[in-house]
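Trainee: Grabbed the feature section from Swiss-Prot, which reads as follows:
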- Gly35, Pro36, Ser37, Gly38, Cys39, Gly40, Lys41, Thr42: ATP binding site (BINDING)
- 3-237: domain 'ABC transporter' (DOMAIN)
Amino acid sequence: MSIEIRNINKQFGQFRALNEINLSIHSGELVALLGPSGCGKTTLLRIIAGLEQPDSGSIIFHGQDVSVHDVRKRNVGFVFQHYALFRHMTVFDNVAFGLRMKPKNIRPSKSDIEKKVHELLNLVQLDWLGDRYPEQLSGGQRQRIALARALIVEPSILLLDEPFGALDAKVRKELRRWLSQLHEDIDLTSVFVTHDQEEAMEVADRIVLMNKGVIEQIGTPAEVYNHPASEFVYHFLGDSNRLKVAQTEETILFRPHEVSLSVQAQDGYQAVTVRDIRPLGALTRLSLKLGEQSELIEAEVAKDDVSLEGLQKGDVIQFKPKRYNHDWEI
């Protein structure tokens, strides 16, 4: 099921949440709406679902204009950040709920519902928890059950609003990998909202970067990271450093891993003072002070990098951005 979003505008009082949003989502694609709080990503997701009405513009599902259809007629599955499971129902009953609530003339038989629930519980790898209650599950298990409940009605589109936001970091990583594999298995057009750059980069086929109600860039994870369309995109997708080029108004941007260090003076390198050294597993992060520049430079190097040998706070070391070979002295 493809999605076409055409000229969508939405305003709340004096606040313009969405400004002329245009986006095409291909059938079977997994797309991330990524951006800071207040950028409009959740509002856009709710408009796609039919939970919110735009002030102007159209939502097209597979060639059909559904702009005037409410959420019940759009056949979308929606997964919220906070699970929204019924506490008084078992896992089995929570998953079965959507089918049991269908009108009698289109409701599957009891045996068909049971079969479908078992299929979905197997799909989310929790078939052994059917008789448990939500309070007996971990956060990650609850979110999988919420996803199974959304999928059991066979939606044409799956929408997820920060589905892993309420989980701890380790569980989020595990569920990201699982969701990516699940999407490959079911091949369902899916859109998810996140403010987590790593989550979007790891899971999505394409990323839609949003800021202040507009789309800054659309592309694959590699495209938006390696070829950012704006300074906002560059900074939002990871840690970055900024330097002014000597005797010009040019500013260069580079990431912490795009730094070369040397204990010996070399052409193109500048002396910097080490302000902080932080081991981060396989990497070591350094904060470096260059001349009179107020912003510290962040550098990341392998923990066995020769430049780290015996290095301490307050030492002077040589530094340059790897990507720039011209004279950028300050």
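Numbers run from 1 along the shown chain.
Backbone N, Cα and C atoms are what each Cβ position is placed from, and that goes for glycine too.
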Trainee: Suppose we draw a 10 Å sphere around the Cβ of Gly40 (ATP binding site). How many other Cβ atoms does it contain, all chains included?
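Mentor: For Gly40 (ATP binding site), the count of other Cβ atoms within 10 Å is 24.
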Trainee: Looking only at Cβ atoms, how many others are within 10 Å of the one on Gly38 (ATP binding site)?
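Mentor: There are 14 of them.
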Trainee: Gly35, Pro36: which of these binding-site residues has the highest Cβ count within 10 Å of its own Cβ?
Mentor: Gly35
Trainee: Please report the number of other Cβ atoms within 10 Å of the Cβ of Thr42 (ATP binding site).
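Mentor: There are 19 such Cβ atoms around Thr42 (ATP binding site).
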Trainee: Let me check the 10 A CB neighbour count of Cys39 (ATP binding site). How many other CB atoms are there?
Mentor: 24
Trainee: Neighbours of the ATP site Gly35, Pro36, Ser37, Gly38, Cys39, Gly40, Lys41, Thr42: Cβ within 8 Å of the Cβ centroid, same chain, sequence order.
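Mentor: Everything else in range on the chain: His195, Met210, Asn211.
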Trainee: Check Lys41 (ATP binding site) against DSSP and tell me helix, strand or coil, would you?
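Mentor: The three-state answer is helix.
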Trainee: Which number gives the other C-beta atoms within 10 angstroms of the C-beta of Ser37 (ATP binding site), all protein chains shown included?
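Mentor: The answer is 7 other Cβ atoms.
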Trainee: Express the predicted model's confidence over the domain 'ABC transporter' (3-237) as a mean pLDDT, rounded to an integer.
Mentor: 93
